[in-house]
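The feature compositional bias 'Polar residues' is assigned by Swiss-Prot to 11-41, 133-143. Among the features that Swiss-Prot reports, N-linked glycosylation site is placed at ASN22, ASN197, ASN447, with the record citing sequence analysis. For SER40, SER82, SER86, SER100, SER133, SER217, the entry in Swiss-Prot reads phosphoserine. Among the features that Swiss-Prot reports, compositional bias 'Low complexity' is placed at 150-163. Marked as transmembrane segment by Swiss-Prot on the basis of sequence analysis: 644-664, 678-698, 712-732, 744-764, 776-796, 876-896, 906-926.
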Amino acid sequence: MTRNPFMVEPSNGSPNRRGASNLSKFYANANSNSRWANPSEESLEDSYDQSNVFQGLPASPSRAALRYSPDRRHRTQFYRDSAHNSPVAPNRYAANLQESPKRAGEAVIHLSEGSNLYPRDNADLPVDPYHLSPQQQPSNNLFGSGRLYSQSSKYTMSTTSTTAPSLAEADDEKEKYLTSTTSYDDQSTIFSADTFNETKFELNHPTRQQYVRRANSESKRRMVSDLPPPSKKKALLKLDNPIPKGLLDTLPRRNSPEFTEMRYTACTVEPDDFLREGYTLRFAEMNRECQIAICITMYNEDKYSLARTIHSIMKNVAHLCKREKSHVWGPNGWKKVSVILISDGRAKVNQGSLDYLAALGVYQEDMAKASVNGDPVKAHIFELTTQVSINADLDYVSKDIVPVQLVFCLKEENKKKINSHRWLFNAFCPVLQPTVVTLVDVGTRLNNTAIYRLWKVFDMDSNVAGAAGQIKTMKGKWGLKLFNPLVASQNFEYKISNILDKPLESVFGYISVLPGALSAYRYRALKNHEDGTGPLRSYFLGETQEGRDHDVFTANMYLAEDRILCWELVAKRDAKWVLKYVKEATGETDVPEDVSEFISQRRRWLNGAMFAAIYAQLHFYQIWKTKHSVVRKFFLHVEFLYQFIQMLFSWFSIANFVLTFYYLAGSMNLVIKHGEALFIFFKYLIFCDLASLFIISMGNRPQGAKHLFITSMVILSICATYSLICGFVFAFKSLASGTESHKIFVDIVISLLSTYGLYFFSSLMYLDPWHMFTSSIQYFLTLPAFTCTLQIFAFCNTHDVSWGTKGSTQESKQLSKAIVVQGPDGKQIVETDWPQEVDKKFLEIKSRLKEPEFEESSGNEKQSKNDYYRDIRTRIVMIWMLSNLILIMSIIQVFTPQDTDNGYLIFILWSVAALAAFRVVGSMAFLFMKYLRIIVSYRNKVEGSGSWEVSKLDLPNVFHKKG
């Protein structure tokens, strides 16, 4: 067992000097019925004759004894009160050796050195989360609760190498503990000078016992029996430091170190070796069941976005604790949820976000170390169970907030979001073993029941491997952001996707992408096969895509690695996993309000989606190796066919747009005066604009050519609006004239109106039609511009496989180092800087938290010069551009602008209407199945209660807007 140099050794625990002859004659709580004599009896009076003679002041207490004493007495006061014949002298024999109130017998249990750092936590006990558990209440003894928050410049700690106990050993210790109250034989009751005082001290003083255990866990080497041993042993540095006193005074619960002390772990290994090297998390050491692990990935988002997300998650955890009738949740539900925040790079993280975390108590900057024994730290892990929250207005909130187990992993290097997920799935999840893993992006605000709704899908259907939440756009106060056409068009796009696309794919069982802003996975489904293949292996292949070792196709495909993960789950060998859409779980996210950021974001989305769709189409045969039913496999093939058609339309989207403009605008040549002149002007204008877009996209970044992109998009919108007006004017004149030659254009207008009508009908059926009134006009006017601009820029930048679209912050602060050296007594000593003035820094952070942030303009990032990627990019653009150009020239040669019998245009427009109708059918099927489940659930509740008056249904309220 690792020893704390500040702790009094068992041989020094007695008030007598070391080496006293009567050391082994102290007995605990002896009574007249015990076979062990009481020291106060006359038969032993001679043995304690030394107590009648003054032999000097008692042994000096350790720093830990002073720190954990109930009244925190000074050393001189301790001497005075402990002197012989002092009127306030405590009975030190009884105080040091008194028995724990939770043990009824007088047996002594020898605690093994491999005991857990914390007592086992029984999450199933119906204990009020706002009150203390009887087992957690500190006993009123000499070393009671309370801690003196003093700091020192150096922290020295003794360590030894220990081996983690196996599960069998842990069960043996538990059995000994449970049977000790009735067993009094000599084998289970050990009385010796070497073990008696130590055993009784650790057992009978819970507060000091916890301190010893925490000290033992601070730096040790541990082997995991079921994993292969590491090639090189490394010292594991774990430091527990009190949270600031200003925060501690506001906490309703202070009965456990998880509330009062922040733990820091300096991880010097890669995430794949986290468990094998002996690293763990404090919540796992407490033996708690983990139902949900919520992962928040962060790059350089500001404190307002972080506060919005974390506060909404805390309200979700509080909702879980309110579900008292649930078979899983209830008052202690917070113990089954772990919130893991992973920041991608210490140099990239926003300082305001760090201040926010420090205000919660989970982050202390001075605790982080640069290296341990010369090994560079890969990740800084901070752990705390926080009981307060800070909302988006940066105000403290404690009402209706339950404790939340929070882990903050600050990666030393910036290795992209996929590496953050590697830390989650390969490092933390094997330790916590969660049932469901929920992924949330910083900036997403969840409704109060989102986490529960996502978890409930997995609980009700054992075949569900993943679930997608409903993503909404933040429209600002009173919806003022909708005046920005960019925000309004994205709002309409998100709504149509939530009403048509996601429900359709959910009915088939395969959702092409689970949004990273709000999605959930079953951890068991993510695990690889025994041969190493599986979803996670395919998912993390994208982290090492560099240079000629991997082709551009693979590199771009892994820009949408979440799409690959969705496919691998559904097509997992010898399984029958499906993906579902959860309409009730909503998350509001901020969308790009600037054109440059919007183009950069969609470039990654479009390239990743196209190459991932090609990957799924080429590997559709993997479905045959699954255990899906024949009916499921048939409908999955129907979905593959639908996606293939959608992919073809996407590939030829530029050509279809140009041809639609060409014939709609050309229809006015013979209708109005100077119609042909207008047609020629707009025709050459759109051709020149498209050619300019290719040049701009090939040689400029959106941040550097923002105005050029905006100008091109405005021109495309004007041309599209002109062609649409021409089509409607020509259709109305055709209706007025009643000529047979113009019926074909009437069909064109009807096909267009039917497409928009289907959108409106579906929105009404989902009781969410407001976007049709507030955002549809902006969407339809900007759709051609977005289609052309985004497609051209995406294809012209297939060589760019980078992720980041945001600037970085300033240089990171230099960290101190931790050195483990060999002491003269054979023990290992860890020397490192200890944080100074924790309380003062906390006050500074609180005052700085409310200050507004001013973002500094970041310089242009260094662009990749990989000739191989650029060569492949050129070939892809040439093939795509020439294929669209050949289609345009072929159709133009067949049909003239004045030709009313244009079969190709009719085919395109009715195809769009047919695809929209197919999506509507799938959406209505999803809605029908949803209401059918509600009816069946209601019927089951009625049959269970025997009455039609069911007081409270655990059903989603579909007629009210979710919060």
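Here the Cβ of each residue, glycine as well, is placed from N, Cα and C on the backbone.
Keep in mind it's a predicted model, so treat the numbers as computed, not measured.
Only sequence-distant pairs (6 or more apart) were considered; of these, fewer than three Cβ pairs between the transmembrane segment (678-698) and the transmembrane segment (744-764) are under 8 A, so the stretches are not in contact. Just going by CB pairs under 8 A, the stretch in 644-664, 744-764, 876-896 that sits most against the transmembrane segment (906-926) is 744-764. Under 8 Å from some Cβ of the transmembrane segment (876-896) lie the Cβ atoms of residues 552, 651-652, 654-655, 658-659, 662-663, 666, 694, 698, 795-796, 798, 902, 904-905, all in the same chain and six or more residues away from its ends. Remote same-chain partners of the transmembrane segment (776-796), defined as residues 6 or more beyond its termini with a Cβ less than 8 Å from a stretch Cβ, comprise 482, 485-486, 488-489, 492-493, 599, 602-603, 606-607, 610, 650, 653-654, 657, 661, 690, 693-694, 697-698, 702, 709, 712-714, 716-717, 719-721, 756, 759, 873, 876-877, 880.
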